[in-house]
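Below is one structure, written out as structure tokens, with a few remarks after it.
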Amino acid sequence: MERIVVTLGERSYPITIASGLFNEPASFLPLKSGEQVMLVTNETLAPLYLDKVRGVLEQAGVNVDSVILPDGEQYKSLAVLDTVFTALLQKPHGRDTTLVALGGGVVGDLTGFAAASYQRGVRFIQVPTTLLSQVDSSVGGKTAVNHPLGKNMIGAFYQPASVVVDLDCLKTLPPRELASGLAEVIKYGIILDGTFFNWLEENLDALLRLDGPAMAYCIRRCCELKAEVVAADERETGLRALLNLGHTFGHAIEAEMGYGNWLHGEAVAAGMVMAARTSERLGQFSSAETQRIITLLTRAGLPVNGPREMSAQAYLPHMLRDKKVLAGEMRLILPLAIGKSEVRSGVSHELVLNAIADCQSA
């Protein structure tokens, strides 16, 4: 069992990583007998895990209600968020309730925002079931829903009480979702840890076949890196922005193509190549390093080009609505070397458009 602590003073919390956690009531601490829980999941995961998690919580004496959401990025919306609030109010649940997010990034982000908002804030626990959510979205307290004009535009920073990562969930993950998660894994190597990137080049095949020790190390290392960044910059005023490598471009793809048509990790993968090409054009990143990124993403089964039907010009309106924009100016996360990156302002739109065009599908 791996255990990492996100250090945020009185709001610190543990990340527990192991197989078989859904069989152990102690996995869901700080829940105690007699407490009330609203378990939030989706229609795909409910048949797989809802009864199991409900059973282990009830075994611990916890009173469990549940709400089942539709599955898909397009449902990460205010309308679906309202169904969670309605379920909480109908029971009713008070300020002493705990929300448990059993799902991937959509369920986790939406449930976290519900917890941040309901009666001005209630406790919640992240139980991520996808690789992407296990290595990234469940850690750090970013919660949100999407708006038609932009991804994650309505949300809050709100930390969970704990994160429970059961590696067994990956056994039911479709290959496309596994690849999507690997995009965020590869991101950590590019922005923060060149040694980890080297390890990924050597061990990607083991991850693709869900080798237990390799996957446990991979998830632990990603969580360690994110925990360090979040502890240093919880509200993304500086260092934490680096975690958005590829996201400014990627969010534009998701919004333009319609949420759910490109998985988040797929859009981020293409966006990371666009960021690398931008850095190349600025003369601060080598084409050889870009090729290493492209090769690893391709081996993972991820796209390295933008959608054919999306022109370079179509990216700009979305990128100019990005949450990192300051005084109307884009701020891009750009690699300087494998394992090192920067936040860069003042890059001309023409250069960015040319970098995007470099990455358009033939």
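Note that Cβ sites are derived from N, Cα and C of the backbone, with glycine treated the same way.
Now, the feature entries from Swiss-Prot:
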BINDING   71-76, 105-109, 129-130, Lys142, Lys151, 169-172  NAD(+) binding site
BINDING   Glu184, His247, His264  Zn(2+) binding site
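Locations of recorded Swiss-Prot features on the structure.
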| residue | record | DSSP class |
| --- | --- | --- |
| Asp71 | NAD(+) binding site | coil |
| Gly105 | NAD(+) binding site | helix |
| Thr130 | NAD(+) binding site | coil |
| Cys169 | NAD(+) binding site | helix |
| Glu184 | Zn(2+) binding site | helix |
| His247 | Zn(2+) binding site | helix |
| His264 | Zn(2+) binding site | helix |
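The Cα of Gly105 (NAD(+) binding site) lies closest to that of His264, out of the binding-site residues Glu184, His247, His264. Asp71 (NAD(+) binding site) has His264 as its nearest neighbour among the binding-site residues Glu184, His247, His264, going by CA to CA distance. Other C-beta atoms found within 10 angstroms of the C-beta of Asp71 (NAD(+) binding site) number 18, with every protein chain shown included. Other residues of the same chain near the Zn(2+) site, with their Cβ within 8 Å of the Cβ centroid of Glu184, His247, His264, are Leu132, Asp136, Ala183, Lys187, Gly246, Gly250, Gly265, Ala267, Val268.
Using a 10 Å Cβ-Cβ cutoff, Thr130 (NAD(+) binding site) registers 29 neighbours. The binding-site residues examined here are His247, His264; by Cβ neighbour count within 10 Å, the least packed of them is His247. Taking the Cβ of Gly105 (NAD(+) binding site) as centre and 10 Å as the limit, one finds 26 other Cβ atoms among all the protein chains shown.
Cβ neighbour count for Gln74 (NAD(+) binding site) (all protein chains, 10 Å cutoff from its Cβ): 14. Considering only the binding-site residues Glu184, His247, His264, the residue whose Cα is spatially closest to the Cα of Gln74 (NAD(+) binding site) is His264.
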